[in-house]
Amino acid sequence: MDVQTTTTTTSAMKRTLLIINCIILAIGNCGGPLVMRLYFIRGGKRIWFSSWLETGGWPIILIPLLVAYIRRRSRSNSPTKLILIKPRVFTAAAVIGVLTGLDDYLYAYGVAKLPVSTSALVIATQLAFTAVFAFFMVKQKFTAYSVNAVILLTVGAVVLGLHTNSDRPEGESSGEYLLGFFLTLAAAALYGLILPMVELTYKKAKQALSYTLVLEMQLIICFFATAFCTVGMLINNDFQAIGREAKVYELGETKYYLVIVWSAIIWQCFFLGAIGVIFYSSSLLSAIVITVLLPVTELLAVIFYHEKFQAEKGISLFLSLWGFISYFYGEIKHNKKKNSDATETELTPQCADP
């Protein structure tokens, strides 16, 4: 097999794995908010517990890690390392984990106070934050189209924030709604920072990168995020309240535990997919995938929870989609120009020195 064929095969495999991670991310990104909202609207009230569930499913990652270890061991005659991650990457993952725990709480508070369709639109601003942080942290290049996308997404969130009374849940004060709105916006900003931090960790790892290492990083990130939320639960006495809350849950005690178990599983898909997309592409693409799934989450919220879809949400959704299309059009145009320039360079004859 020649070098060109090997390169093509490797590229095709990378695209396949990227698509798989995008699908996993889609499941978590659409299902996570819906299951979390189901917890709250049917009688759940523990915000720290809900944020804990976002990363509490981290033991699931031990399964693919065990499979990867067994495969490495079967292919090698020499002693096989059980853990690949080095202290430098471990420390970075731990810091990112604590920030993720804080982000979990901010987001959970927003979902507790806002309809899913509203919180999803606010979270769409994450693309703008990711673009800005990626520019400074990993030298992500900007084009006129990506700048336009950032502006449109920001304006979309502002439009949504100007009309807060129309979709405020019954029994909730205007102050609670606004606090939920701004904490959700803060969650979007913080996760917009976290994604480039993960990409920067890859670049500065100083060790061989593999998907197994990515899984180990994700395990550490989720462990420290869960530990952060566990402290909040202990302070708030959430562990003692779970049993009582299950007994009075509108859907019944059994379904209460089904909701929280599936919440942990689905959210784990979100984090695994996000970190996988970063590994096979970039933090900015991960944020873009999250944003493009916005209409799906919107539609599911309207179908399952009969949420209102007022004019300002329509405008915000239109601006968000416009921003997304603008970004992707710019990327396609940039890649075509890049490929064209590369082809011209290859075809240009090299002149010999006189």
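Quick reminder: no glycine exception, Cβ is built from N, Cα and C everywhere.
Lifted from TrEMBL, the feature list:
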TRANSMEM  18-41  transmembrane segment
TRANSMEM  47-70  transmembrane segment
TRANSMEM  82-102  transmembrane segment
TRANSMEM  114-138  transmembrane segment
TRANSMEM  145-165  transmembrane segment
TRANSMEM  177-198  transmembrane segment
TRANSMEM  210-236  transmembrane segment
TRANSMEM  256-280  transmembrane segment
TRANSMEM  287-305  transmembrane segment
TRANSMEM  311-330  transmembrane segment
Go through 47-70, 114-138, 177-198, 210-236 and flag the stretch with the largest number of C-beta pairs under 8 Å relative to the transmembrane segment (256-280). 47-70
Would you kindly list the residues that approach the transmembrane segment (311-330) from elsewhere in its chain, counting only those six or more residues past its ends and only Cβ-Cβ distances under 8 Å? 117-118, 121, 124, 127, 143-146, 148-153, 155-157, 159-160, 162-163, 166-167, 288, 291-292, 294-295, 298
Which bits of the chain, at least 6 residues beyond where the transmembrane segment (114-138) starts or stops, bring a Cβ under 8 A of a Cβ in it? 33-34, 37, 107, 146, 149-150, 153-154, 156-157, 160-161, 167, 169, 177, 180-181, 184-185, 187-189, 191-193, 195-197, 199-200, 203, 282-284, 286-288, 290-291, 294, 297-298, 300-302, 305, 307-309, 313, 316-317, 320, 323-324, 327
